[in-house]
Amino acid sequence: MKQYLKVDEWSIIEESFDPINHEISESIFSIGNGFMGQRANFEEQYSGPSLQGSYMAGVYYPDKTRVGWWKNGYPEYFAKVLNSTNWIGIDVFVGGTALDLAKCKVTEFRRELNMKEGVLIRSAVAEMEDGKQIKIESTRFVSIARHEIGAIRYAVTPLNFSAPIRLTVYLDGDVKNKDSNYEEKFWNEVSKEVSAGSANLTLKTKKLDFHVTSVMTYDVFKNGEKLDLTPSTVEKEKYVGNDVTIQAEQNEEIVVYKYVANVTSRNHGLGQLVEVGSKLLEEARTAGFDVLLSEQVAGWADKWKESDIIIEGDVSAQQAIRFNIFQLNQTYSGEDDRLNIGPKGFTGEKYGGSTYWDTEAYCVPFYLSTADSSIARNLLIYRYKHLEKAKENARKLGFTKGALYPMVTMNGEECHNEWEITFEEIHRNGAIAYAIYNYVNYTGDKSYLGQYGLEVLAEISRFWEERVNYAPRKDQYVMLGVTGPNEYENNVNNNWYTNRIAAWTMEYTLEVLDYLKENETSRYNELVETLKLKPEETDKWKDIIAKMYYPADEELGIFLQQDGFLDKEIIQVKDLKPENLPINQNWSWDRILRSCFIKQGDVIQGLYFLSHKYDLETKKRNFDFYEPLTVHESSLSPCLHSILACELGYQEKAYEMYLRTARLDLDNYNNDTEDGCHTTSMAGTWMSVVHGFGGLRVENNELVLKPFIPGHWKSFSFKVMFRGSRLKVSVSDKDITVSNETETPAAIRIFDRDYTVSPLGMIQVENAVVNA
Ligand code: BGC
């Protein structure tokens with residue numbers, strides 16, 4: 001674990017340059033606006049280890065599958081969000097030598113991600129090989145107000161010399177994905193134009209024909225005066241730029257304002273990209289850097305108004321939670337229902353930027369509470385639009401009916417190719433059904449069910465119906481050969497969670513059918529007709545629900561993660577020698593599979609989703625048994641355990657788990673932050689504060705709070721949007737205050753007593769929980 005970042009409430013700050021940390025910082029200091037994202041690469045040349053990364057949401061490539069041993073049913077490709085044109089580049093040359101921090105003595109360095117304003121700032125003083133000292137300062141952002149615009153202020157000051165400085169301001173499309181399966185580059189050049197002062201470059205993906213056009217312009221100032229330059233143009237394959245040479249005097253600052261528009265064929269007509277990009281760019285340049293910056297500050301202030309969490313008394317925890325919220329808001333803004341949230345957001349390439357069940361299980365709750373309900377609805381509609389593909393996927397695997405959503409996808413097609421996950425980790429289907437329940441339960445928007453929800457639910461139920469089989473000797477339904485959320489077990493029989501979520505999906509589907517029959521009869525009739533839903537099917541679901549087999553151990557009073565779990569040698573993680581951990585880096589796969597160690601919550605996942613169906617005693621027995629066996633080697637694991645620990649009153653455990661999730665990337669806990677940040681698990685961190693410490697649930701159309709405050713926190717507060725109201729919940733060891741920031745009254749239950757928070761009103765209740 002490396003802790004090299006300064007603790008600060010609103011910023012992530014690095015105060016010296018160590019190349020060892022550079023790729024980690026490139027991930028952590030990433031900026032994005034939901035439409036594009038950019039790792040914190042340097043503008044000038046850098047020859048040390050670095051992952052140059054600029055990503056345009058939804059622009060991906062189907063990279064041909066690479067496996068050692070092909071299995072029927074594997075997808076043909078793995079979809080990857082593409083590293084696209086490097087638009088930030090500004091090279092600096094002094095006397096023909098490029099400024100390159102990898103080759104200089106860096107005497108001062110500071111990098112700051114200002115999360116309040118959505119701006120990345122960097123300054124450095126570098127001594128070049130010949131002793132020349134240069135100071136650089138850059139301020140960069142991708143605009144939250146103008147989704148296709150990026151802007152950079154880049155200043156160069158010679159500190160101990162006067163000499164001509166050449167700057168190359170450029171766009172470079174000759175980029176590749178680090179994770180390319182066959183070392184292939186994915187872009188072809190379509191067109192480029194370069195003139196004195198501006199340039200554009202259009203690239204097209206080798207497959208699927210996504211076009212991305214980047215258009216750039218820039219202004220150069222010296223001593224506050226705009227220079228009238230005569231740039232020369234630079235042109236190479238997939239590269240356009242301008243060279244400008246400026247006579248720099250010692251201690252005089254030269255400032256370049258670079259503006260770029262990145263537009264794609266996802267949003268604009270093919271023939272119009274250069275025109276649209278140029279227009280947007282001209283508007284941005286006319287507005288100027290300072291106006292763009294003030295729009296940025298205002299845009300982020302709005303985001304924070306809806307989603308901030310304030311922790312008093314623990315700056316490290318404060319910084320961490322804001323970092324998580326910031327990254328989530330940078331990754332997905334919810335305006336485009338074709339987009340989703342990759343596990344690494346725009347901060348790296350691992351997991352290909354594709355959609356996983358992480359979205360439904362972890363991200364939906366965050367967006368439900370911190371943004372307009374249309375945003376979470378868009379995430380649901382994304383899956384609705386993929387329903388036909390999910391049906392095709394089920395047919396491809398040999399099912400005669402129903403839908404199996406993919407484990408990993410970009411356009412609805414499966415693109416994951418490890419048999420135990422592709423074919424067996426089918427519990428993901430349950431999360432997609434659960435998200436519909438979660439959305440309707442939270443928002444009260446039952447219209448979603450008739451419009452979109454039922455079709456998805458019915459097709460998922462049909463899949464489960466065919467996936468289980470009746471075991472005559474048990475007179476029960478079983479589900480064989482699956483992988484649960486705990487991927488450290490494969491091909492197990494009767495994973496409790498999968499059986500449970502399957503039966504629950506059918507229960508909920510039947511409930512929704514009853515609701516629609518009663519309340520939206522004509523839509524109900526229409527849906528029964530289009531789905532060709534027969535009474536035999538719903539009868540079968542009822543039979544499966546009644547006779548589903550759930551492995552359990554009566555003596556311990558726990559659900560069994562799967563058949564035979566207790567035949568394993570049960571050892572607790574605390575009894576393992578530290579050198580064994582993480583087991584995924586130290587043990588053979590065979591040893592992991594045979595062991596009792598759990599990668600991430602499995603039974604616990606079920607107890608979290610279906611929390612309302614289980615009493616505290618049941619939760620406690622299962623938590624007490626399974627948590628000590630859990631190695632939390634998925635970033636998605638600690639947050640769920642933190643939430644459950646809060647509910648059980650295990651305050652120390654809850655806080656321990658919270659710390660593990662909250663500072664995962666800032667402290668590089670899993671030693672893998674250079675690959676990108678764990679963006680989807682950041683939603684889990686938010687959940688552990690709001691659902692965990694805040695104890696927030698929605699029951700019977702009412703918000704329920706049962707907060708407790710970790711011992712050394714003075715207070716914490718969070719915002720939640722709920723059915724038209726936005727509430728600020730503040731918790732201290734003395735009281736709980738709920739302020740309504742809107743004109744819509746809100747019903748709320750705190751420690752089992754009902755209250756109404758009137759428009760713009762406030763209530764205060766004594767904190768009934770003894771502190772940790
Ligand atoms: C987890 C999965 C998750 C994936 C992407 C894996 O390590 O086990 O549950 O979907 O990462 O975040």
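Numbers here mean position along the shown chain, with the first residue as 1.
From the backbone N, Cα and C atoms, a Cβ is placed for every residue, glycine too.
The active site, proton donor annotation in TrEMBL covers Glu487. In the three-state DSSP reading, Glu487 (active site, proton donor) counts as coil.
Within the same chain, residues at least six positions away from Lys599 (substrate binding site) with a Cβ under 8 Å of its Cβ are Pro485, Asn486, Glu487, Tyr488, Asn584, Thr630, Val631, His632, Glu633, Ser634, Ser637. According to DSSP, Lys599 (substrate binding site) is assigned to coil rather than to any helix or strand. The feature substrate binding site is assigned by TrEMBL to Trp357, Asp358, Lys599, Gln600.
The domain 'Glycoside hydrolase family 65 N-terminal' feature in TrEMBL is assigned to 14-266.
Feature annotation from TrEMBL assigns domain 'Glycoside hydrolase family 65 central catalytic' to 322-687.
Positions annotated as domain 'Glycoside hydrolase family 65 C-terminal' by TrEMBL: 696-757.
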By DSSP, what is the split of the domain 'Glycoside hydrolase family 65 C-terminal' (696-757) into helix, strand and coil residues?
-> 0 helix, 39 strand, 23 coil
Write out, in the order they occur in the sequence, the residues of the chain not among Trp357, Asp358, Lys599, Gln600 that have a C-beta within 8 Å of the mean position of the C-beta atoms of the recorded substrate site.
-> Tyr356, Ala361, Pro485, Glu487, Ser634, Leu636, Ser637
Across the domain 'Glycoside hydrolase family 65 C-terminal' (696-757), what is the average pLDDT of the model, as a whole number?
-> 95
Out of Asp358, Glu487, the listed recorded positions, fewest other Cβ atoms within 10 Å surround the Cβ of Glu487
Would you mind checking how many other C-beta atoms are within 10 angstroms of the C-beta on Gln600 (substrate binding site)?
-> 24
Give me the non-local Cβ neighbours of Trp357 (substrate binding site): same chain, 6+ apart in sequence, Cβ-Cβ under 8 Å, ordered along the sequence.
-> Met407, His427, Arg428, Ala431, Ile432
Reduced DSSP assignment, Asp358 (substrate binding site) = helix
